[in-house]
């Protein structure tokens, strides 16, 4: 084995020289230089400084402006809540541990940090699944006279939390476990060992199949059908130009969110899968640290995409920030905002 396994950790460093110490008790400077730990801390500080204000602002602006409280926006707000979970439950912890060079909060703190990070990532993933299904139903019209209303949005939000908890909670109750990963300053699912005592192998397989592969299949199916339908409708001019433009704008925004999610999380998932399927292989701490910390940047991109691509929300945000006046003088809802207030499908 090219790593060192302890009762509640796995350090990707051979202990032939006897230098490996518990990541809960001693600095891990034999894994990387102190300045590299400082760089991780600086990166986490940047994510906190950017992630908290922009996600909090998303929630606050929506509460302040009634016209933003639409069914589709419930799902988008759910993403902001998930991102705040990651900021408070994960980023602040990792910032502190990186400054110390090891996970100073012990196994209990590791469980909490790993839980919040996993929960936030999974809520984001399943929110994108719900958005993909909503876009598919609204644009592709597989059901006639269907109206995506408030109750559907609430059920969609509840579904994302149930599925996220089904992934994040089991390691807390004995099915798999959370351990420090990479440079041992943040925690995640144990992809490094089989650990039969906690049935780790079965959980990792379950996680990759149910909480990554299936959501990706659903998302790609929905958007594959959606692209085909939009092209067909444009060719046949089945919808008004205003309706087509509005639906295209919303669809484009959601697709960009999916692409951004894939860019952030696929490297992490790929490295984790490689480590799990190549038990005992030789890899350094940076190998897992870089994709893990890159994935954490997902807490920033969703609200940025939403603000940049939703004119109605952008106007409301500027009005809120400028004490009730929009400096751009454009305070009317865009076609996207008015169209998505209640998504409706008429008979094809």
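Cβ coordinates are placed from backbone N, Cα and C, and glycine is handled just like the others.
A quick note: this is a predicted structure, and the numbers were derived from the prediction, not measured.
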Range annotated as transmembrane segment in Swiss-Prot, from 153-173, 174-194: 153-173
Swiss-Prot annotation: residue 9 and residue 66 on one membrane face: no
Stretch carrying transmembrane segment according to Swiss-Prot (options 37-61, 312-336): 37-61
Cα-to-Cα gap, residue 322 (S-palmitoyl cysteine) vs residue 187 (disulfide bond), nearest whole Å: 40
Per DSSP, three-state class assigned to residue 201 (Zn(2+) binding site): helix
Stretch of maximal Cβ-Cβ contact with the transmembrane segment (74-96) [cut-off: under 8 Å; candidates 37-61, 111-133, 153-173, 287-308]: 111-133
Where residue 187 (disulfide bond) falls in three-state DSSP terms: strand
Cβ pairs under 8 Å between the transmembrane segment (287-308) and the transmembrane segment (203-224), at least three: no
